[in-house]
Structure formats: structure tokens, C-alpha cells
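Per TrEMBL, domain 'G-protein coupled receptors family 1 profile' is recorded for 41-287. According to TrEMBL, the feature transmembrane segment maps to 26-47, 59-78, 98-120, 140-158, 205-225, 237-259, 271-289.
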Amino acid sequence: ISMENSSSVKEFILLGLSGDQGVQKIYFVVFLLFYTLTVAGNLLIVLTVTSSRHLKSPMYFFLCHLSFVDICYSSVTAPKMISGFLVENNTISFAGCIGQLFGFHFFGCTEIFILTAMAYDRYVAICRPLRYPALMSRRLCGRMVGGSWVGAFLHSTFQTLPTALLPFCGPNKVAHYYCDVHPLLHLACADTRVVSLATVANGGVISLGCFLILVTSYVVILVSLRGQKPAGWHKALSTCGSHITVVVLFFGPCTFVSVRPSGDLAADRSVAVFYTLIAPMLNPLIYTLRNREVKGAVRKLCSRKVGSG
């Protein structure tokens, strides 16, 4: 079924974060800086992990993939949003809008699954240390990452296809800075209650389900540490601290938007900025500052680059 034929609307206008021209110019500078830091920081993590001989454990394997996903995830929405601050009408074609919707859910869901895989890795490392090399084999890690991509593809298809097949006959102003399911459902010329409930259920089950798995894994870790000496507690929590921080920053806003029916789109816009741009920007900083091995590897990589330059 052709997407172009299913709708009389050939393009949408993204309303963005503000209609005030002065505020938009401030946003342009701020979010351009955020996006630049996001790409640079995560690219540095990818280069550091792939070039270091010491960062070969499953934790860093997952971290490398997480940083790559963060670059892709923020790049789906940020460039269009940032360029939109400089034009009066930020337009996007119907096909481009559906592509952005698919990419947003694809990379966002991949990130959720990889964060869940990282939680399992920390659980095994702390609660089953003697069996860690056998349980977290290279093959299993590869399958977990591959499964994350495949699962995210299926989720994104389920979110995108029903929305793409809805009739859009006008108006064409999307009350958001990127194309997402809720704002598009408000513009469809059909009864969207079934599609809305299905997408909320699908997104909610994944985000809330994975969040509960993450919380459970850390409760089990804390329970297993009972009776340990303070040094053991400190070591365990220091290895989990970065991951817990990233999970809270990403899952909190993401779950808030995913599990509730479409309502206040202005609130959704504000919250979405946090998990589409700010959280991916902070991830490399959190992992670098809280991890001595990563800091050391980053310094070595930078000194090599400076020396070769």
C-alpha cells in the first residue's frame, strides 16, 4: 500500500517548541550545542572502546553499542528541529514524517533493550562472579544486541504502519518538533481510538516492562549484597552507579509519555526534549566521569591523536 496514496496531505508543518522568533533563536544556539556535544561525546566513547585493548568486557561492548544508538537516536529528530528554528514554516514531507516516526521508535526501542541487557550483565557480574565468563560469552552478548535490533524493528513497524495507513486530509500542522504517533493521530480523518490504544499498549508494555525488569535486577543485586563489607558494597554500587543514573534519566520521561493516552501535547513536547536529546548527551559524560577505566582509555586515545597530529 502506497503511503502517498493513503493520504491527501503531501507534507506536514512541525510547530516546534515555540512560536516566538526571539525564543527560537535562543533555542537554535542551545540545541545546536546540545546536539554537537551528543554526537561528539558518543563518538568519542565508540572510538575509545573500539580502539582500546583493555575495554573488551561485555559491559564495554554494550556501552559501545549504546553510544552508537544514541548518535542515531538523536539524529532522527534533532537536525530537523534545529533547522526549523531558522525558518517560518518547518515542513516535512509525508514520507519523511513516516520515516522519522519509524526511526524514532526503532532507535529508541533499541536503546531500551540494550540498557536492559546491560542490567543483566551487571547482575551476573555481581551475583554470579565465578560463572560470569561462561554466562556472558561473546556469542550471548552478540545475540542480545542482535535481538535488541530485531525486537526494536518489530516494535517500530507495529507503531508506524497503522499510523501511516490512516487517512490525512487536513489540517497538516503537527503539534510537536518531530513526527510521533500521538500528534499525528490528532490530525487523522478517521476514528483513531483503536490505533491509539494499540500503540499506547505496545509502547507502554515495552518501556514499563523493561523498566520493571531493571528495577527488579537492582533489587536482587542489593539483596545479594547483604552481609557484605562496606568495601564490597562500594565496589558493586560504583559499577552500577552509571547505569542506574542513565536508566533513571532515560526511562523516567520515556515511560511518562509512553504509558498514558494522548492528551497534553505541550507537556509531551517538553518531556520529549529530555529523552531525545539531553539524556543521549549526558550518557557519555556519566559513563566517563564514573568509570576509571573509560577515563584512562579516553586520555590515552586523546594523547595518541595529539601526538600523531
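Cβ coordinates come from backbone N, Cα and C, glycine included.
Unlike curated records, TrEMBL annotations are generated automatically.
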Predicted model, mean pLDDT over the domain 'G-protein coupled receptors family 1 profile' (41-287): 86
Contact check, the transmembrane segment (140-158) vs the transmembrane segment (98-120), 3+ Cβ pairs under 8 Å, seq sep 6+: yes
Contact ranking winner - 26-47, 59-78, 98-120 against the transmembrane segment (271-289), Cβ under 8 Å: 26-47
Contact set, same chain, for the transmembrane segment (59-78): CB under 8 Å, 6 or more residues outside the stretch: 31, 34-35, 38-39, 42-43, 45-46, 49-50, 52, 100, 103-104, 107-108, 110-111, 114-115, 117-118, 121-122, 125, 141, 144-145, 148, 177-178, 239, 276-277, 280-281, 283-284, 287, 293-294
Cβ-Cβ under 8 Å with the transmembrane segment (26-47): same-chain residues at least 6 beyond its ends: 17-18, 63-64, 67-68, 70-71, 74-75, 78-79, 81-82, 85-86, 277-278, 280-281, 283-285, 287-288, 294, 298, 301
Surrounding residues of the transmembrane segment (98-120) on its own chain - C-beta under 8 Å, 6+ positions past either end: 3, 59, 62-63, 65-66, 69-70, 72-73, 76-77, 80, 92, 141, 144-145, 147-149, 151-153, 155-157, 159-160, 163-164, 178-181, 184, 203, 206-207, 210, 213-214, 217-218, 243, 246-247, 250-251, 254, 275-276
